[in-house]
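Q: Pulled these from TrEMBL:
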{"type": "DOMAIN", "residues": "161-462", "note": "domain 'Na+/H+ antiporter NhaC-like C-terminal'"}
{"type": "TRANSMEM", "residues": "12-31", "note": "transmembrane segment"}
{"type": "TRANSMEM", "residues": "38-56", "note": "transmembrane segment"}
{"type": "TRANSMEM", "residues": "76-103", "note": "transmembrane segment"}
{"type": "TRANSMEM", "residues": "110-130", "note": "transmembrane segment"}
{"type": "TRANSMEM", "residues": "136-164", "note": "transmembrane segment"}
{"type": "TRANSMEM", "residues": "198-217", "note": "transmembrane segment"}
{"type": "TRANSMEM", "residues": "237-256", "note": "transmembrane segment"}
{"type": "TRANSMEM", "residues": "314-332", "note": "transmembrane segment"}
{"type": "TRANSMEM", "residues": "352-370", "note": "transmembrane segment"}
{"type": "TRANSMEM", "residues": "412-431", "note": "transmembrane segment"}
{"type": "TRANSMEM", "residues": "438-459", "note": "transmembrane segment"}
Amino acid sequence: MHPKGKLPSLGLALLPVVLTLLILGLQIFYYGDFAPHIPLAIGIALTGLLGNYLGISWADVREGIFRVIHVSMPSLAILMVVGMLIGIWIGAGTVPTLIYYGLNILSPQIFLVAAMLICAVISVSLGTSWGTVGTVGLALVGIGAGFGIPLVWTAGAVVSGAFFGDKLSPLSDTTNLAPAVTGITVFDHIKNMLPTTIPAMLIALAIYAFAGFQMVGEQEVSFESIQGITAALEQNFVISPLTLLPVLVVLGMALLKKPPLPSLFAGALVGGVIAMTMQGADLHSVFNYAQNGFSIESGNAEIDSLLNRGGLQSMMWTISLMLLALGFGGALERTGVLESIINSIVSRIRRFGALQASAIGTAFATNVVAGDPYLSIALPGRMFAPVYRGLGYSTKNLARAVEEGGTLMSPLIPWNAGGAFVITALGLGIMDGQLQNLMYIPLSFACWLSPLLGMIYGFTGLFSPKATAEERAEWQAQGEYVKDVELGQTAS
């Protein structure tokens, strides 16, 4: 809550949000310029003016902005390391080797299924969807291009697998944040997500399997294109299983339960050694890969478009967007705007089905407005918990709701931290005007099927546990607030 303790009215709270979204829409849809930075900066200014009107000093608003940015610094650090990792792994031949072997081993018809499963397994192991998208996901984009799979379909499968794996990983920051703010254990949280996770994943896999066979018949695969790509890779890189050592190092550290950031950094260091010992690069070239990305003119247009990327500088557009989005979210939280809007929603809830849908929807809306998956989990998690207790339902349901509206929807919002990273790492070119590649959003089936199933369960009462006697006793022992809800005590 903001320093004065008095929340703005709903009308005032909506003012900076609506105006910012209108300016954002004007920038993107009217001018056709996907650069959300300035609209978000204007949003910060508007929220600061609202704070001044409410008697909140700019120093207090600034403190709120810096607090949210501080909380998200680990994600910004991962983003920078992933940028360096991409450039180094391409220069080391790691990504080219993955593409080469993938084109020779995987079947085009089942490629989308394999892409989702591979990303899910890697993400569960690493505990980071961003690290998965920026490394293995990039290689899968190259394999998909060789098979003639449209980029948006490959991106959808990669995003589905990576963010689903992140959601189920006990090493993931968001998987730990959701139970922390709702008062349950991590493994209770993961177990309670399975009823939405497994069906959504199976449905998504079925769609990808059907689409793969429809898009790629045996007679339609361009073997000439595949041979051209593999030949270009062989001419420009040493293709060897040894170049995959950086991947094994990262996975090994993940299995040892090391944090994602040092694991990825270790992968970058090993990649640098491989680049010098196997690809003939010198130390300065490795530094350049890390700073500015890898550059190649192979004579094969597809290879050049896939491998001319990476580097710390390639992430600066995304990092600046994240800082502005986080700043806007921090200002909205500090001035009480988000709390006022959520309170107006909470005050109207009387039944569990509406509660579950509102929690998912609020987490998603916070993602849209604030651009921060952490805030979209933490704020609704705190605000909705008393209502769940008042209706007699376990806060496991709330943890699942905010995880699905927060973690899974983050990559589907282009100006959100997750969406901005996906667009940059996979080379979707949205900021260059290739708005047709936004089709990856509806094609990331697993990400939006899971919250949809969560809403259905809320209204039917399926897989929606009531609070146990032990849980109620724990609420009482910890002095947790239980909101008095007057009407409907049953699921509807």
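Placement of Cβ uses the backbone N, Cα and C atoms for every residue, glycine included.
Remember, TrEMBL labels are computer predictions, not curated facts.
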Q: May I ask which of the stretches 76-103, 136-164, 237-256, 412-431 has the most CB pairs under 8 A with the transmembrane segment (438-459)?
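A: Result: 136-164.
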Q: Out of 76-103, 110-130, 412-431, what stretch is closest in contact terms to the transmembrane segment (237-256), meaning most Cβ pairs under 8 angstroms?
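A: Per the Cβ under 8 Å count, 76-103.
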Q: For the transmembrane segment (110-130), find every same-chain residue at least 6 residues outside the stretch whose CB is under 8 Å from a CB in it, and list them.
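A: Distal contacts: 75, 78-79, 82, 136-137, 140, 143-144, 147, 149, 153-154, 157-158, 160-166, 168-173, 175, 201, 204-205, 208-209, 211-212, 216, 250-251, 254-255, 260, 263-264, 407, 411, 418, 421, 425, 446.
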Q: Cβ under 8 Å to the transmembrane segment (12-31), counting only same-chain residues 6 or more beyond its ends: which ones?
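A: Answer is 38-40, 42-43, 46-47, 50, 53-54, 328, 332, 336-338, 340-341, 368-369, 415.
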Q: Please tell me whether the transmembrane segment (412-431) and the transmembrane segment (198-217) touch - that is, whether there are at least 3 C-beta pairs under 8 Å between them, with each pair 6 or more apart in sequence.
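A: Contact between the transmembrane segment (412-431) and the transmembrane segment (198-217): absent.
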Q: Please indicate, using numbers and ranges, the residues of the same chain that are 6 or more beyond the transmembrane segment (314-332) and have a C-beta under 8 Å from a C-beta there.
A: 16-17, 20, 36-37, 40-41, 43-44, 47-48, 51, 61, 64-69, 72, 75-76, 79-80, 82-83, 86-87, 293, 338, 366, 369-372, 375, 415-417, 420-421, 423-424, 431
Q: Against which stretches of its own chain does the transmembrane segment (76-103) lie, if we need a Cβ under 8 Å and a gap of at least six residues from its ends?
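A: Apart from its flanks, the transmembrane segment (76-103) reaches 128, 130-131, 134-136, 138-140, 142-143, 146-147, 226, 229-230, 233-234, 236-241, 243-244, 246-247, 260-261, 264-265, 267-268, 271-272, 274-275, 278-279, 281, 285-286, 289-294, 306-307, 309-315, 318-319, 322-323, 421, 425.
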